[in-house]
Amino acid sequence: MEEPTRLVEEATINNMDGQQNEEERDPESNSLHQPLLKRNRTLSSSPFALVGAKVSHIESLDYEINENDLFKHDWRRRSRVQVLQYVFLKWTLAFLVGLLTGVTATLINLAIENMAGYKLRAVVNYIEDRRYLMGFAYFAGANFVLTLIAALLCVCFAPTAAGPGIPEIKAYLNGVDTPNMYGATTLFVKIIGSIAAVSASLDLGKEGPLVHIGACFASLLGQGGPDNYRLRWRWLRYFNNDRDRRDLITCGSSSGVCAAFRSPVGGVLFALEEVATWWRSALLWRTFFSTAVVVVILRAFIEYCKSGNCGLFGRGGLIMFDVSGVSVSYHVVDIIPVVVIGIIGGLLGSLYNHVLHKILRLYNLINEKGKLHKVLLALSVSLFTSICMYGLPFLAKCKPCDPSLPGSCPGTGGTGNFKQFNCPDGYYNDLATLLLTTNDDAVRNIFSINTPGEFQVMSLIIYFVLYCILGLITFGIAVPSGLFLPIILMGSAYGRLLAIAMGSYTKIDPGLYAVLGAASLMAGSMRMTVSLCVIFLELTNNLLLLPITMLVLLIAKSVGDCFNLSIYEIILELKGLPFLDANPEPWMRNITAGELADVKPPVVTLCGVEKVGRIVEALKNTTYNGFPVVDEGVVPPVGLPVGATELHGLVLRTHLLLVLKKKWFLHERRRTEEWEVREKFTWIDLAERGGKIEDVLVTKDEMEMYVDLHPLTNTTPYTVVESLSVAKAMVLFRQVGLRHMLIVPKYQAAGVSPVVGILTRQDLRAHNILSVFPHLEKSKSGKKGN
């Protein structure tokens with residue numbers, strides 16, 4: 001989690017609420033004037049969430065196309081050449097995202113393998129010389145320094161770089177704007193911090209950070225670089241909007257997964273299944289293209305490094321468990337152990353999520369005390385990890401080498417399955433083989449085929465318990481960290497234990513049991529199925545594993561869903577990010593959008609030609625992001641020629657601020673001509689975001705002037721009738737990617753306002769609705785479906 005250690009707890013929210021008001025209010029639904037009588041019920045919502053090191057104000061993203069007059073004019077004027085430029089640039093940016101992610105992933109793997117490999121070689125040399133204390137001092141000292149570097153970078157320079165970043169990417173693609181998540185500083189700290197943290201032998205992986213790194217590259221490319229040094233190329237103006245940035249970040253996240261596992265199809269499916277809320281066929285092609293570029297880059301570097309030009313990177317560095325040449329056979333009786341693996345994976349995964357939830361709340365109390373405590377917590381975990389990983393192998397018995405097995409035994413400290421570690425010649429220490437090695441080599445060792453007696457039962461039990469403890473206490477400290485690898489190692493350990501327990505009952509190789517155990521625990525914790533299945537198939541390079549892998553994943557996910565949410569959903573909930581789930585609660589069908597509008601403060605509307613003073617007042621006294629624009633006395637095209645009230649559309653706060661900054665005022669109340677608007681504004685101007693009303697100076701005379709809002713108004717906002725159920729409203733809101741949903745009356749009549757209210761993301765969250773309508777809690781008919 002990004003600085004996943006700090007959670008948004010009720011006490012934090014209550015304190016912030018006390019500073020605002022007695023009751024929480026939706027940031028986009030405050031009334032312009034406070035009523036004399038306070039409402040008994042108000043739809044409460046919290047616009048705050050934990051991002052990085054502090055609780056931040058959260059806003060939604062404008063994925064909806066703002067079809068105002070300027071946008072329509074710009075779109076009509078685009079020539080065929082400009083359209084081709086736009087399409088070409090989309091594919092070019094997708095290529096650059098894959099290229100940069102692939103190169104960065106290779107450099108990260110290269111650095112980790114060499115830093116961790118040479119560190120472990122020095123430790124092995126000390127042990128061979130019987131200098132045990134010196135070996136421990138070197139091992140613990142190196143880990144301590146590397147952890148200190150990663151923690152200081154995250155705490156002091158980029159708190160948002162801590163953790164995997166996947167929950168925040170998931171929230172962003174759902175429509176939540178998480179501040180400072182994709183900046184250049186965050187990217188730099190994420191790269192250096194993940195190298196240092198993984199090299200420090202902490203129980204974490206680089207897979208989650210790689211997803212965040214890919215998303216950072218995508219965001220920076222789309223906006224032309226960091227905020228202070230942005231390229232203002234004319235071509236990049238097409239991407240100065242939330243929709244195209246969302247597509248690029250989707251490509252970046254899939255490229256990150258591909259770079260972590262060398263799994264192009266798995267990376268695309270991960271983005272589709274786990275992080276992306278909105279999808280279309282054109283995006284599928286571009287994400288696949290990005291992952292294909294990543295694979296080409298990784299393959300080129302691996303071929304180059306095989307000649308020994310990359311230090312210790314030659315045989316290690318990227319997880320690859322190739323069993324394409326291994327005969328995999330199983331029968332009907334093997335279904336029973338496969339089902340058992342799935343059930344155990346679901347139970348352990350849900351238990352892991354539950355315990356991790358409690359530990360993260362504890363870490364929040366520690367981290368609230370300041371930066372020093374965050375660094376000390378990370379260093380304490382590093383010291384404990386070093387003690388366990390160095391000391392526990394002394395408890396394992398030495399095993400004689402099997403002369404029939406390929407490879408040198410014992411090894412020399414490099415890659416390989418057999419570490420001598422305080423054993424005589426011809427013997428090896430199986431626990432040291434798993435602990436005193438890089439994470440990627442540990443995966444290869446425990447997944448190794450045709451080694452049924454390589455690991456002792458006691459060694460596997462110690463390894464499993466240790467990694468359960470380390471996985472729980474490591475995830476949450478202030479360093480870049482990923483969940484994939486710790487869960488893979490835990491699952492593979494109990495998979496091998498189950499293989500030993502089954503004995504001669506089954507013919508499945510213990511190495512394949514380890515693969516199935518890792519897959520089941522990942523499905524039980526992360527609740528992924530399709531993408532995880534493809535990732536493991538691309539890792540193993542053997543389609544014969546497909547049926548049993550599918551069965552294990554489906555069982556593990558089903559069992560885990562019976563107890564709690566996935567680990568990423570738990571983190572989203574703890575951080576307070578307003579994520580909208582795909583499945584509405586069953587009781588949401590018992591309440592309508594009009595009922596939600598009734599318990600919200602009255603909506604603030606603006607006229608088509610509005611007074612400057614009224615606009616300034618609305619911006620200062622509310623935190624709305626959008627205002628309905630209503631025209632009165634309009635002659636309808638059909639029917640009686642009497643004045644009617646028209647809902648012209650919705651105007652955004654940023655556009656109103658732009659009008660005030662550019663002083664586009666009229667002396668009389670009138671509609672402007674098209675040339676007057678284009679003379680003052682461009683479509684690029686309307687794409688810029690930011691600004692505050694406090695930064696705008698308006699004189700007393702200007703307050704009496706007018707603004708024609710018609711050219712800047714989105715004339716095609718999404719509207720729903722007030723009788724629509726909240727369940728259908730939530731599904732529409734999420735699938736279309738809205739920030740505002742206007743509610744219109746069911747009955748049209750003279751004197752009836754054309755807009756009843758506005759629904760925002762916070763209004764559709766289940767706990768906010770239940771705080772106003774507690775009786776709906778009793779109508780719950782079980783948990784929502786999956």
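Residue positions begin at 1 at the first shown residue.
Placement of Cβ uses the backbone N, Cα and C atoms for every residue, glycine included.
Because the structure is a prediction, the values reported are computed rather than measured.
Taken from TrEMBL, the feature region 'Disordered' applies to 1-33. The transmembrane segment feature in TrEMBL is assigned to 88-112, 133-161, 283-302, 335-355, 375-396, 460-490, 511-537, 543-560. Residues or ranges marked as domain 'CBS' by TrEMBL: 713-777.
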Stretch-averaged pLDDT - the domain 'CBS' (713-777): 90
Paired segments the transmembrane segment (88-112) and the transmembrane segment (543-560) in contact, 3+ CB pairs under 8 A: no
The transmembrane segment (460-490) and the transmembrane segment (543-560) contact flag, 3+ Cβ pairs under 8 angstroms: no
Remote residues contacting the transmembrane segment (133-161) - C-beta distance under 8 A, at least 6 residues beyond either end: 2-3, 51-54, 115, 119, 122-123, 126-127, 168, 178, 180-181, 183, 185-186, 188-190, 192-194, 196-197, 199-202, 212, 371, 374-375, 378-379, 381-383, 385-387, 389-391, 477-480
